[in-house]
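Below: the structure, in C-alpha cells.
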C-alpha cells in the first residue's frame with residue numbers, strides 16, 4: 001500500500017524577498033515587517049539517510065541539488081553521513097580524542113575527500129545553509145543538519161542531555177532549538193538480532209533515553225526526524241508475517257517480544273508507540 005505526502009509549493013523566498021515595483025514606503029515597511037516575522041521560524045523540513053554523503057556527492061549530486069532547489073527546504077536533516085571525525089589534537093594516534101563537529105583532514109586521502117565534499121556544499125543551493133556535523137570516528141553513522149542562514153537557532157547541541165560540548169557515540173544526534181519549536185535529527189541504533197550489549201541492550205537504552213528526553217522537553221512542539229530504524233505498524237512493511245518471524249542463523253532470542261527482523265520486533269514497536277503517545 002502506498003502512502004503519499006503532499007509537497008508544499010515553493011514559497012521560501014521569505015529568506016530573499018524582492019521589493020515590488022511601484023510600492024510606497026508604508027507598503028514596503030509592512031512587507032519588511034512581515035518578512036522579518038517569517039524569517040524567525042522554519043516551516044519546510046526534509047530528512048534523508050544518505051548512506052554516505054561523499055558517495056552521493058560523487059554519484060547523485062546533480063539530482064539532489066535539483067531536488068533541493070525545487071523543494072527549497074528550510075532545514076535538511078541528514079543521517080549516515082559516513083565521514084570520519086577530525087582529531088582534536090595534533091597527534092595522529094588512533095587513540096587521540098576526536099572532534100566530532102569537524103570532518104577529518106589529517107591525511108592526504110582525508111583532505112581530498114573533505115575538499116570534494118566542501119566544494120559541493122559551497123555551490124548553490126547549499127551555500128544558503130549553515131551546516132552542523134556530528135560524526136563518528138570512522139566512516140560509519142554520523143549526522144548533519146543544514147539550516148537556512150536566515151534562521152537563527154537559539155541553540156544547537158549534539159546529545160540528548162543538551163550538554164553543550166558533548167556528542168553522542170557515533171554522532172547520532174543533532175538537536176536544534178528555535179523560538180517556538182525543537183527539531184531532533186537522529187540516526188537511531190539498529191536493534192540487531194541478539195541479546196547482546198551492542199544489540200538489544202543498546203537499543204533498549206536508546207529508547208529509554210528518547211522517552212526521557214520527550215518527557216523532559218514538553219514545553220515546545222518537537223519535530224523528530226531521521227532514520228528511526230523502526231517500522232511501527234504492519235502497514236509499514238511489505239510482509240508482516242515474514243518480518244515478525246525472521247531469524248539470523250537460527251538464533252532464537254530468550255524473550256518472544258524480541259523475535260523477528262530488527263526494526264519490526266514487538267518490543268521495538270511497543271516502545272516506539274509509547275514514545276509517540278508521550
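Placement of Cβ uses the backbone N, Cα and C atoms for every residue, glycine included.
Sequence annotations record features per position, and here TrEMBL assigns region 'Disordered' to 1-40, 86-109. Summarising the annotation, TrEMBL assigns domain 'Endonuclease/exonuclease/phosphatase' to 46-241. The annotation Mg(2+) binding site is assigned in TrEMBL to 49, 80, 227, 229. What TrEMBL lists as compositional bias 'Low complexity' is 86-99. What TrEMBL records for 229 is site 'Transition state stabilizer'.
Each residue in 51, 79, 187, 188, 226, 228 lies on the same chain as 49, 80, 227, 229 and has a C-beta within 8 Å of the C-beta centroid of that Mg(2+) site, without being one of the site residues. Packing around residue 227 (Mg(2+) binding site) is summarised by its Cβ count: 22 other Cβ atoms lie within 10 angstroms of its Cβ, all protein chains included.
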